Amino acid sequence: MAAAAGSAGAAAALWSEVNRGGQNGDFGRALKSVNKPLPGPRTVPPPARCRAPCSPLEGSDSITFEKAYCEYRLNRIENALKTIQSASQQTDKLKELHGQVLYRLERYDDCLAVYRDLIRNSQDDYEEERKTNLSAVVAAQSTWEKVEPEDLGLQEATYELCYNAACALIGQGRLNEAMKNLQKAEDLCRQSLSEDSDVTEEDIEAELAIIHGQMAYIMQLQGRTEDALQLYNQIIKLKPTDVGLIAVIANNIITINKDQNVFDSKKKVKLTNAEGVEHKLSKKQLQAIEFNKALLAMYTNQADQCRKLSASLQSQNPEHLLPVLIQAAQLCREKQHAKAIELLQDFAEQSPADSAQIKLTMAQLKIAQGSVTKACIILRSIEELKHKPGMVSALVTMYSHEEDIDSAIEVFTQAIQWYQEYQAKPCDLQPKSPVHLSLIREAANFKLKYGRKKEAISDLEELWKQNPKDTHTLAQLISAYSLVDPEKAKVLSKHLPSSDTMSLKVDVDALENSPGATYVRKKGGKLTGENQQKEQGQGDVRKKKRKKKGKLPKNYDPKVTPDPERWLPMRERSYYRGRKKGKKKDQIGKGTQGATTAGTSELDASKTASSPPTSPRPGSTTAMSSAATSNMIPPRHQKPAGAAATKKKQQQKKKKGGKGGW
């Protein structure tokens, strides 16, 4: 018993050494421990299977599966594929592993063929798991390759099958149906897990996290961002162990935040950098996360970081347009529009397939700079879009803004001609298709709007030829011909419907008596008949308005006869003699403090008369007396003394300084 115990202890020690070397990645040391002989009698098979993870054994198919599985778990997917393909015989378990390896390599067509072969040629207890893997491959094709999934006839009896079917529907854009499948998957998951007594509610919520994450993604696609954000945050609070799920949810929250709530986005970015994320997500998922990191760096004004990330993405994905657009957007934020346009132009030459999107971006940059005409030139160079109604509308609007009517008409002409050229070709766009006719009509209306009636005649004739019963078009055509060829207008006017057919049969009396009809009598109109009697009857009832007495002036004296000329302006009255100019009035308050004008004039010797005053002119006394009587103003027209002078001084003060001057 002691020897047996010692042998067991030695085996345990050797196993500990092997396990330690495997966990530390020191496979050479682990291999040495494996090669050590076990103490005691040889009761176990040779440790060849234990050596398989440490070093390959040449020419041994018995350990091919073990080696390939170890490489698969170590994320050496390419090596695992080579090991599986090197096997001389493909067993069922090698085929199972082969399907998993192909799925990780995103070779979905080959993976689908492997699982179909397994389901067709194997009979065991793992058929349900194989069907689940098969549905996962179909969902991946629909999501990442936009392939129309085929109906495999799989019954959605488990929540895994329902979840994969929902993912396939999301790839097709059938979001409402996908949401129903996810709700069914949630019910099936709760039902299956609740049957196990060892499973707690927390375990159920953890298992439902991926289903809820896909529900939130559908809400986000439907524009219900608030609901999606709430559900995303609930999943993160559960702290699921799947790092891939957490990374996807964090990335989706960043896309909802955009350039808002940047602090939260910075925290969520850290969740996308967890260890092992690159082995849990597809290439397109990882690519989307890296793109969002570059955009977040741009929104947070980390210009160097944004340039570094976008340049790295462009080197990894030289055919992808988004890294170039991010670089151009960063240059525009730095007000370097010329460099941004140059960058886009270089990429357009290298990638003709994306030239349309690049030129649209360049045109937008030109419009932002105010170069509308240059933007129009860029847009007209996009051959595959220049005949589209949306592009024609944009160009016509831009040319109209620039008042370049000739170029706008030329855009219409080229688009109509493009559709006309397809009349002899087997194409869905027939020359008289609704799009073609709508372009002709818009061209005619545009020409008529800007007075180009002569140029609009051909378009109107084409429209009338297509629909001879269109009286509106015929009227437009007659109006256009009336200025160019009146005789032709007369001939065409015969095609107008008669006045009898155009007249509307309206009962005028019924219309006037209808509840909605109202009658408003014009001012000054005469009343006759019943209306006059009604007005008189109403006048008897009404009370006469009392006239208000006029107000008399404050200085009114009933004993004094009012001035008969009081209604005339002052300048038109007989006693008005005009204002006397040149005589300065005594200036009060001028000079030194305490001085008066009268005192200074008396003490000024220069102002004393050197000779006796001359006699007054003949008639001066009578003139003064007559002037005194004729210039007498009634009391209520008298103004306070000095009022005019004060007003004049105030005006002089206002004129002297001006507004805001010294």
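Glycine is treated like the rest: Cβ placed from N, Cα and C.
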Segment assigned the feature region 'Disordered' in TrEMBL (from 26-47, 466-487, 488-509): 26-47
Average pLDDT across the domain 'Signal recognition particle SRP72 subunit RNA-binding' (522-578), rounded to a whole number: 70
Residues of the parent chain within Cβ reach of the repeat 'TPR' (209-242), under 8 Å, 6 or more residues beyond its termini: 159, 163, 166-167, 170, 175, 178-179, 182-183, 185-186, 189, 202, 248-250, 252-253, 255-256, 271, 280
